[in-house]
Amino acid sequence: MAFAERHLPTDHPALPDEKIGVLLLNLGTPDATDYWSIRRYLKEFLSDGRVIELNPLKWQIILNLFILPTRPFKTGHAYEQIWLKESDESPLRLYTRNQAEKLGTMLAAKHPNIVVDWGMRYGNPSTESRIRALQEQGCARVLLVALYPQYSASTTATAYDKAFEALMKIRWQPAIRTAPAYHDHPAYIDALAASIESHLKSLDWTPDLLITSYHGLPERYFRNGDPYHCHCFKTTRLVREKLGWAGDRMMVAFQSRFGKEEWLKPYLQDTVEELPSKGVKNLAIICPGFSADCVETLEEINIGIRETFEEAGGEKFTYIPCLNDTEDGTKVIEALVESELAGWV
Ligand SMILES: C=CC1=C(C)c2cc3[nH]c(cc4nc(cc5[nH]c(cc1n2)c(C)c5CCC(=O)O)C(CCC(=O)O)=C4C)c(C)c3C=C
Ligand SMILES: [Fe+2]
Ligand SMILES: [Fe+2]
């Protein structure tokens, strides 16, 4: 019996054993592909001041009058094409849940007092509900792990903001740690390089070029100090060095531009349209900035960009999947978690 329990009054509720929570956080995804589910998700996402850094009053007018009435049709169509019929959810949700379950199994042998869970910045399961669930299971310490390899205020920071917002409502808070971005973590670089090598080995052709495509950001955010752009370039350089490739076999591009403002360049769409006329007929794309495949990789790249390339005269195209819930992918998260738990375990 623990010291505290021996000294409890007899009518005191039982105290749970102290545990450590590891909470994996990802972006979030709609609950379904119908108009209102998509609209609810987009409204929450695009009302986040870390994502849209504009005057909030002006932006809410634009969002509610011009974007939310129409965008859910386009976005809903994109989600419909990749929706998992069997489990009735998006791939991002499935992979994030699997990553948490597999990480839990990996850690259990060494650390029986660790509980792993997962939550989303937008939509369900909410970050707040999972922090409360971890506390209910006796977690007095919680490590928050935003599953974005490259830091951006629009992803990493807002994931942690949401967790701290939830903690503001909790009287007896757990001790909290936040994991840093892992764009140059050796386990991540090695896993990406291994995944590229094994994917290319499975083909009966060799790509002329491999594009590492990252989600874009307004260029203004970079000028205002967001390190995302540098993190993306560093990841690509380290992977290229690990593979021992020459500089011209691999390049960086940015996808998923939203709105009219200038975003980080080169734009993936423009790049892919021009490649065949420059002699690149066989193309591979990988998206290292996504810890799990999602609408931005499966629909935008593997369907949309594939078509763009073929229509521009490209001959062979392959998409290399994200690390997802593969053993290597889960080991990347395990390595990050193990180093960030130092002193707690
Ligand atoms: C991986 C890093 C990501 C960054 C950086 C990022 C910035 C960012 N995104 C938008 C707008 C949208 N993103 C959308 C989907 C989406 N974005 C990411 C990741 C990053 N976004 C993911 C993983 C997903 C997919 C989620 C899923 O359920 O599969 C969408 C919704 C889809 C659409 O309508 O196109 C929007 C909108 C902005 C404005 C932004 C930076 C400021
Ligand atoms: Fe996005
Ligand atoms: Fe997109």
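Using the three backbone atoms N, Cα and C, a Cβ is placed for every residue, glycine included.
Note that TrEMBL annotation is computational and uncurated.
The Fe(2+) binding site feature in TrEMBL is assigned to H215, E296. The C-beta environment of E296 (Fe(2+) binding site), restricted to residues of the same chain at least 6 apart in sequence and closer than 8 Å, consists of H215, Q255, S256, C287, F290. In the three-state DSSP reading, E296 (Fe(2+) binding site) counts as helix.
Counting every protein chain shown, the number of other Cβ atoms lying within 10 Å of the Cβ of H215 (Fe(2+) binding site) is 27.
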